[in-house]
Amino acid sequence: MIITFPGSPYKLNQAFQPAGDQPEAIRILVEGIESGLSFQTLLGVTGSGKTFTIANMIARLGRPAIIMAPNKTLAAQLYAEMREFFPENAVEYFVSYYDYYQPEAYVPSRDLFIEKDSSINEHIEQMRLSATKSLLEREDAIIVATVSCIYGIGDPVDYHGMILHVREHEKISQRDIIQRLTGMQYQRNEFEFARGTFRVRGDVLDVFPAENSETALRISLFDDEVESMTLFDPLTGQTRQKVSRYTVYPSSHYVTPRSTTLRAIETIKTELTGRLNYFHENHKLVEAQRLEQRTRFDLEMLNELGFCKGIENYSRHLSGRQPGDPPPTLIDYLPDNALMIIDESHVTVPQIGGMYKGDRSRKENLVAYGFRLPSALDNRPLRFEEFEKLMPQTIFVSATPADYEIQRSGQIAEQVVRPTGLVDPVIIIRPVTTQVDDLMSEVSLRAAQNERVLVTTLTKRMAEDLTDYFSDHGIRVRYLHSDIDTVERVEIIRDLRLGKFDVLVGINLLREGLDIPEVSLVGILDADKEGFLRSERSLIQTMGRAARHVNGTVILYADKITNSMRRAIDETERRRNKQKLFNQQNNITPRGVNKRIKDLIDGVYDSENAAEHRKVAQIQARYAAMDEAQLAKEIQRLEKSMLEAARNMEFEQAAQYRDEIKNLRSKLFIGIIDPDEIREVPQTAGKKSRRKAGR
């Protein structure tokens, strides 16, 4: 059911009315924003519907919003939920686009210089560009971001100044359009039409916008006049719609006008001269020679091409900032009336504070030893005090808010009662000595009931070793930690929900906000090891992962009860009692959370994977519709194909035909076709067969 509010551009897809503590929390937050409160906190337990409350608040206020999450996994989850709540509005995703990133560094003790190395995820880069476009164009924009949003991107003034507006019947030559596109870092490519490219065919110019993955623009010109414009499918060429005007945005956040680049070159030369004098005066000739060689090369590249490798280190010169000025970030693109929601604030706020110092310590070595100019220090994330000055009206969201949030907040809205009636999980304490074997027996019980299990360890090595041990004993298990890239993390969580495996082992990523309703057991190993991973807040957050299941249970493996454990257990018991009282007073029977399993991020599966799934679905449907006689004929056909493949020495393909025949024969024998067990037979040798989950 779509709901709208007076004066708000948002259309809220609301399947149910706010219940429990939600209506009061929504009222408090909305009134707080309207009365001008700078900071508020939503203290909501796991499973109480905090995201639904925030969505209602945004819809009622009708203002653009940025939602910050502590990691990419939670950002993807929030993005998926917000898209479901606001299917007709601009919900965007802004996280780091690096799948792999090795920053530039120098180790003086070993005289070792490490070059910058990175791998950029094209799809996430497109989503980042789409996010800034929505902020510039629309009032109904909701940006879901990580702490990546406090790192420098292009100056919004330069970015906005480079935008190309094209209108029907406008007087503009093809040469001028090409020149503008080239300045916006679009590349001419007549053979491969991809994002951020354009091609020219006679009087027709095709542009593939960098922020779009599905639609391209065709501009037809006649005698230096735009005759018509159409949006078309870049793959099939099919026309989608005619448009009278269109705005083409730069292909990168880091575009700069030619005049700005030339001005920056002069200021870089001035800084270089001063730095070389410093090195010579201090008899650091190696550093001077190194700096001059590297910087002169970069200046030549900037002059000839408009960019160079490591151009971000000259961002202060390109944006015209003074030394020490904060860099332009995504927050500078926010409208004046925007809202900021910091999810899991007890983790996200300290993250923001820690980014600057870590970046600074690495770059100081590069500057001191002549690898970079001192201005490279200004290519940095925001300092915490700079971030605070830029914060619009802000809502902190957490089940365990820290002292910072509580002290800054004008008011705190509590959301402790769950509309579903679910109570906090039962907590059991067991000894450390038998923790692995005890946990394995508990896992087997849960797997038999088609329930999932989360296990937290203290180190990556422990997580991997435990995964190997469980796997050797026939348990379907995977691990999740920081070495796994963004897209794979999302796939792992999705596969856990789908039941492709039963146990997920992790360290610090199995805490804040992870929404897996199928999880009925959380096992916390070495719970009595006092520290960051076993603090009161960490324990409450980890235990909360089992709070979305009717049979939610937490097992703490400990030989002693620490102060953190005691406080976490007491708080959980307090919340259990409050929920039980609410259930009794309102005659509510607890019911589990049922959430549709969907892709968290569009495009996380590659085209080959998607094609494979389509092919498998077709095979499943075909086999399911066959009678016994048709199945027998299909087996004969596959046998011929198997022998033919063997004669051609395509043994992998022959083995897969053999497996398929065996599978069909077993189904023919018992007279049942189970679509989940039909596997695709690849058409080319060397491709892996589609295995059953758990193999």
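Using the three backbone atoms N, Cα and C, a Cβ is placed for every residue, glycine included.
Pulled from Swiss-Prot:
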type	residues	note
BINDING	Gly44, Val45, Thr46, Gly47, Ser48, Gly49, Lys50, Thr51	ATP binding site
DOMAIN	31-414	domain 'Helicase ATP-binding'
DOMAIN	435-601	domain 'Helicase C-terminal'
DOMAIN	632-667	domain 'UVR'
MOTIF	97-120	motif 'Beta-hairpin'
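Neighbours of Gly47 (ATP binding site), defined as other CB atoms within 10 A of its CB across all chains, total 25. Neighbours of Ser48 (ATP binding site), defined as other CB atoms within 10 A of its CB across all chains, total 27. Local packing around the Cβ, expressed as the count of other Cβ atoms within 10 angstroms, is greatest for Gly44 among the binding-site residues Gly44, Lys50. Note: Thr46 (ATP binding site) has non-local neighbours Ala399, Gln541, Gly544, Arg545, Ala547, Arg548, i.e. same-chain residues 6+ apart with C-beta under 8 A of its own C-beta. Among the listed binding-site residues, namely Val45, Thr51, the Cβ with the most fellow Cβ atoms inside 10 Å is that of Val45.
Excluding the listed site residues Gly44, Val45, Thr46, Gly47, Ser48, Gly49, Lys50, Thr51, the same chain places Thr53, Ala399, Gln415, Arg418 with Cβ atoms within 8 Å of the centre of the ATP site Cβ atoms. In the three-state DSSP classification, Lys50 (ATP binding site) falls within a helix. Over all protein chains present, the Cβ of Gly49 (ATP binding site) has 23 other Cβ atoms lying within 10 Å. The helix, strand and coil residue counts that DSSP assigns across the domain 'UVR' (632-667) are 33 helix, 0 strand, 3 coil.
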